[in-house]
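Report on one structure; see the data block that follows.
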Amino acid sequence: MDEEILQEFLAESMENLSQLDNEIVILEKRPDDDDLIASIFRTIHTIKGTCGFIGLTGLGSVAHATENVLGRMRDHELRVTPTSISLILEGVDEIKELLHGLETTGQEPVHDNSQLIARLDELMQSADGDAGDVPAEISEAPVEATPVAELITSPAVEDSKPVAAPTNMPEEAADPSKKSISDLSIRVNVDVLDSLMNLVGELVLTRNQLVQMVRGDDESIFAAPILHLNRVTTDLQEGVMKTRMQPIGNAWGKLPRLVRDLAQQTGKLIELDMRGAETELDRTVLDAIKDPLTHMVRNSADHGLESTADRRAAGKPETGLVRLNAFHEGGHVIICVDDDGAGINAERVRQKAVENGILTDATAAGMSEKDLVNLVFAPGFSTAKEISSVSGRGVGMDVVKTQIERIGGTVDLTSRRGIGTEVRIKIPLTLAIISALVVESGGYSFAIPQLTIVELVRVAAEDRHKIETINRNEVYRLRDRLLPLIHLDRELELDDEHAGEERDVNIVVVQAGDEQFGLIVSEVFDTEEIVVKPVGHLLKDIAIYQGTTILGDGRVIMILDVAGIAAQFDGGAIATETECQRGDADHELAGNTTTMLVFDAGGESTMAVPLSLVSRLEEFPTETIERTGERMVVQYRDNLLPLLPIDPTSSTDANDQIQPVVVFSEGDRSMGLVVKEILDIREEPLVIRMPSSRPGVLGTAIINNKATDVIDAQYYVEMADPDWFQKKSQSADERVLVIDDSVFFRQLVTTTLETAGYQVRVCNSAVDAVEAIENGEHFDLIISDIEMPMMDGYEFAQWYEQRCDDTRAPLIALTSLSGADLESRAQQAGFARCLTKLNTQQFLSCVQELCHQRGRQGASA
């Protein structure tokens, strides 16, 4: 057998078969697609004919029997059914196995395929109704008799019809410049491309050295040619990189077949939705992610999706959905694998982690739901109740994470109970040549991959005091966010050559997964294109190094692995960030400004209250303030206004002729808060820095660069009039659900609504709101924030619209942002109104209008 012919046959057959599984699975869903059946038939027909030409009798027999079945389907003499599709797939699997054996040994494997061929023949003869005559091209003629000419002439003969000879030949037919498809592409062994890539890498290193030699010497006679060499090398590098780029769909070819087989094994109805298959990335990266992708899709289909009965009971469509999406984002490829299944039971994860000794009871009790869910990446961890041939979610997920991080990627998992799970993978486009920032620390140079760098920050020497210490770890407040800091020289135990000097602090802000932290380095140099070389075997187990490279001046330096640094120091600085975020997350209004009334409460205490809650600012002559028992009152607008000093220990100063009062009003009720002095009205981002256990104070914020206590207006209103809310609620029966992850705004909205007389139910997340609604709680109105973790406002609105019937309550979106696009998206999701936080008058007017409309609808019903 001619070796060249055999290799050409193997290459062509493997290429044709690579998409065959996918096409056959699609055929099961589109049994009337004649073009698809014809395409599958031609692929098998070509393999069968070539087998006859080169004498592969066993392989040809299986292909011939499979072709016969497809031929009857093509001629509409045999129905496409799940059973027939399964048998065709079994035939294709055997063809693949024989081809692999032939590729490995150079000889056709000896397999007993008689039973498979007999089953295929039996299926071919069991056509519906009268089968009729079998077409000649799929007759029972032995494979050896298939003439070589059939490979050339049969397609033309099958499709040809008598036509009149054209009177004028088109000019295009005689144009020699028109190339056929075969003339436009060639097959190249991947080893050739790998070798070419290595040579380009060496050329890039040499280019960098030459550029370094002439840098700063514009008069050098070598400057112009080296500049030209630089451009040509860059173009060559990009060209070679393109030859290695492949669509990610090449890694997805087996997934439709995998999902189909899983559906049959588990008895589930599963749909696989794949998008972004044309997204390109380097072949090396593509090979590295094939197994992790397969593992994640298998886990989603097997353990992520519920059984058909469970989905029906939960009000979900019987067919479960597994989505696969890929796209480019900032020099990375993002791959999302998600399902609409049951989600991961965080409580069960907690129990399993304690049972397996991964966590102690105390540690598990203090972990957030997201941290618990991510325990599925622990080696050998699984919440599956029973072991099956298909692993439950968590089995092998540690391998997935390890393989992705090995190529410089990150894995992030998000799960919502009863809604589904999403695994988001972020991987580099290529591993061979990357852009990196060169820095120096402790007298040594290091390279940091550019794709992991968020920004560079320089803290002036005189501002070093802005670097704070929390739990013995340094942090820097960067735009109202705590950024954990790591001194690179300290962590690598290098000598600090600038110790004791008052120098600027260089911070490289980097990102690993969803965590950001700052690397403090001595010097920041330039960005270079570097060639990634593997780490030596003595250093390969050190997680903080991704590789090595050679700089233009010939120095060999280490490439830092940001994900490895984050993992190694997770117990220190990175943990500080998480702790600080938990402390601030419920209070931080990122980018939002709130108008605050700032006043002096006496006793060197500055306080503030949202101006939207204040009705009026008044100044009363001190002689008009009276006492009735232990209460202070003042005659105000033909009524008595109860006054409450914000500091109970203070008293009005006899020397003060005027007493400032902050008045809160609702309907015919009012009360006044006695303060020492009205200081200012400020509009700036409000961030509660420190929560407070002191009654009447929500916490401490920084307003106008000064620590300021933000008061709880509801506390003082109820102190002045304990029946303030009760009176109004007796005349209002509307029940309102408030969903917001911000403690401050939950309190603010609750106070506003209760002041207006509504019954309020509060949830600190959309997930909690879903649970409340599913437990049978009913509401007349639902008010939801937009930006929330786990499940945002849009997702909640879409769930609510699909989950609930026509009696569902109207939804109001509250957001710190504004814009026509935002309002349009909110309305599409199902919100009746989209309001900006928090215009009290507009807000209450909208609440009253929607509740009134709902009341009229209920009455008419």
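Glycine is treated like the rest: Cβ placed from N, Cα and C.
Feature annotation from TrEMBL assigns domain 'HPt' to 1-102.
The phosphohistidine annotation in TrEMBL covers His45. DSSP assigns His45 (phosphohistidine) to a helix.
Feature annotation from TrEMBL assigns region 'Disordered' to 158-178.
If you look up TrEMBL, you'll see 226-431 marked as domain 'Histidine kinase'.
Taken from TrEMBL, the feature domain 'CheW-like' covers 433-571 (among others). When the domain 'CheW-like' (433-571) is classified with DSSP, helix, strand and coil residues number 20 helix, 73 strand, 46 coil.
Marked as domain 'CheW-like' by TrEMBL: 593-722 (among others).
For the domain 'Response regulatory' (735-852), residue counts in helix, strand and coil come to 56 helix, 24 strand, 38 coil, using DSSP. Here TrEMBL flags 735-852 as domain 'Response regulatory'.
Counting every protein chain shown, the Cβ of Asp785 (4-aspartylphosphate) has 24 other Cβ atoms within 10 Å. Annotation comment: TrEMBL describes Asp785 as 4-aspartylphosphate.
The helix, strand and coil residue counts that DSSP assigns across the domain 'CheW-like' (593-722) are 14 helix, 80 strand, 36 coil. Between the C-alpha atoms of His45 (phosphohistidine) and Asp785 (4-aspartylphosphate), the distance comes to 60 Å. According to DSSP, the secondary structure content of the domain 'HPt' (1-102) in residues is 85 helix, 0 strand, 17 coil. Within 10 Å of the C-beta atom of His45 (phosphohistidine) sit 25 other C-beta atoms, taking all shown protein chains into account. Looking at the domain 'CheW-like' (433-571) alone, the prediction's average pLDDT is 82.
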